[in-house]
Amino acid sequence: MNPVKVGIAGLGTVGSGTVNVLQRNAQEIARRVGRPIEIAHIGARRDNPDCDISGVRLSRDIFAVATDPDVDILVELIGGTDTARELVLTAIRNGKHIVTANKALIAEHGNEIFHAAHENGVDVAFEAAVAGGIPILKSLGEGLAANHINWVAGIINGTGNYILTEMEQGGRAFVDVLKEAQELGYAEADPTFDVEGVDAAHKLTIIASIAFGIPLQFSKVYMEGIGRITIEDVKSAAQFGYRIKHLGIARDTGNGIELRVHPTLIPIETMLSAVNGVMNAVMIDGDAVGPTMYYGAGAGAEPTASAVVADIIEMGRALTVDHEERVPYLGFHADQMSDERILTIDDVSCGFYLRLHVQDKPGVLADITRILSDNRISIEAMVQKETEEGLVPIVMMTHKVLEGDMNAALAKIAALDTVDKDIMRIRVETLDA
Ligand code: HSE
């Protein structure tokens, strides 16, 4: 049988993992595909001692792989957006199918790439772009295809989860833990992408499109990182029975779609709250299946290669099938996409955790609670912490409130002379617990 010929662009962590998995499991993979997978060409600026590519054609110019007539599938593992976009579009124009692990590329340029792929009759697969080794896109687009998806909520950035876990369990400082995540190879090239929620927003954009059949709309994701979370917040959340996790949430409210990534208090008894360290986990709630959960390594060489190689296998099987007859790029047919509106964060309703530092004198609490009630905000629980020098910390949990009302109330509270302007608020989600 003729082999499926694969060209790999990029030989970093995921590239070397992909080479190793393809080589180590070659026989089993050939049995699954019905024909062998051959690495025909690798494009990489540098060699990688973590894999053996002897005997494989190697080019320093990655575009040589995208135009190589011998390559059936281009595997894009260079990361970034500008060159990766150019490379993928070049490969598509040259009739190659595409496998990529690049979440930024798909979230920001996916609509353009799918259009070009459709015009050229080729396929694009990107399972590895979201939650590494967890087959979450296939679960959404195929395994759960019978369902109307109600919501998806996930821990989809391992670096952020590692930092929050270490802060909670080890009482360690933020910077110290981030450095370790970088050394372990989990953090993005620019770790602010992890810390500020950009990485999670890229992944949520992709998840939401496959969940709801909407175009990729990265610019509409509300984004907040973990940079302002303190050990005090972590401890206070625990006292109320919650843990702080950085979640990506996509929800179909029936009146628009919520797309948001931010730190979130979730009840300690939920399964997501037990997901620690660099692990990822995603909950999907479908109308037929109910709540489901998927857990695993969200980054790293071989976990990510597991998803890359699965996409290569799927394409290898379907190489002779017309692309219109395969699973659509986003799980829904391109002419059947919904234009359901994406809600702004002001339209989102949820409970809040608030931490304020106030002067310890009569009437201060009364002023705060009056402002909250004037804005239709009801308090669920409140604790005044031990007196520090000067200001007293107050932490409270509210019932569900519209974000716009909370913003209005917090602006008025921050304007009080008796309250420190640096007020912390973290959204609360019960995940139907
Ligand atoms: N920086 C990402 C993370 C890597 O920490 O989850 C996988 O996308």
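Each position is counted from 1, following the chain as shown.
Note: Cβ is positioned from N, Cα and C throughout, glycine not excepted.
Just so you know, TrEMBL annotations are computer predictions that nobody has curated.
Keep in mind the model is a prediction, meaning the values are calculated, not measured.
Record features (TrEMBL):
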BINDING   A9, G10, L11, G12, T13, V14, G15, S16  NADP(+) binding site
BINDING   K103  NADPH binding site
BINDING   E188  L-homoserine binding site
ACT_SITE  K203  active site, proton donor
DOMAIN    353-428  domain 'ACT'
- Query: Taking DSSP states H, G and I as helix and E and B as strand, how many residues of the domain 'ACT' (353-428) are helix, strand and coil?
  - Reply: 23 helix, 29 strand, 24 coil
- CA-CA, which of the recorded positions K103, E188, K203 lies nearest A9 (NADP(+) binding site)? K103
- Message: Using a 10 Å cut-off between Cα atoms, which of these recorded positions sit near the residue listed as 'NADPH binding site': T13, V14, G15, K203?
- Response: K203
- Can you list the residues of the same chain, besides A9, G10, L11, G12, T13, V14, G15, S16, whose Cβ falls within 8 Å of the NADP(+) site's Cβ centroid? I8, G17, T18, A44, N48, L77, I78
- Among G10, G12, G15, E188, the binding-site residues in the record, which have a C-beta under 6 A from ligand 1? E188
- Sequence-distant neighbours of G10 (NADP(+) binding site) in its chain (C-beta under 8 A, six or more apart): G43, A44, I62, E76, L77, I78, G79
- Message: On a simple 10 Å Cβ count over all chains shown, which one of the binding-site residues T13, S16 is most densely packed?
- Response: S16
- How big is the Cα-to-Cα gap, in Å, between T13 (NADP(+) binding site) and E188 (L-homoserine binding site)? 12
- Could you check the binding-site residues L11, V14 and say which one's CB has the most other CB atoms within 10 Å? V14
- Task: Output, ordered by sequence, the same-chain residues six or more apart from K203 (active site, proton donor) with a CB under 8 Å from its CB, or 'none'.
- Result: K103, A107, A129, V130, A131, G154, I156, N157, G248
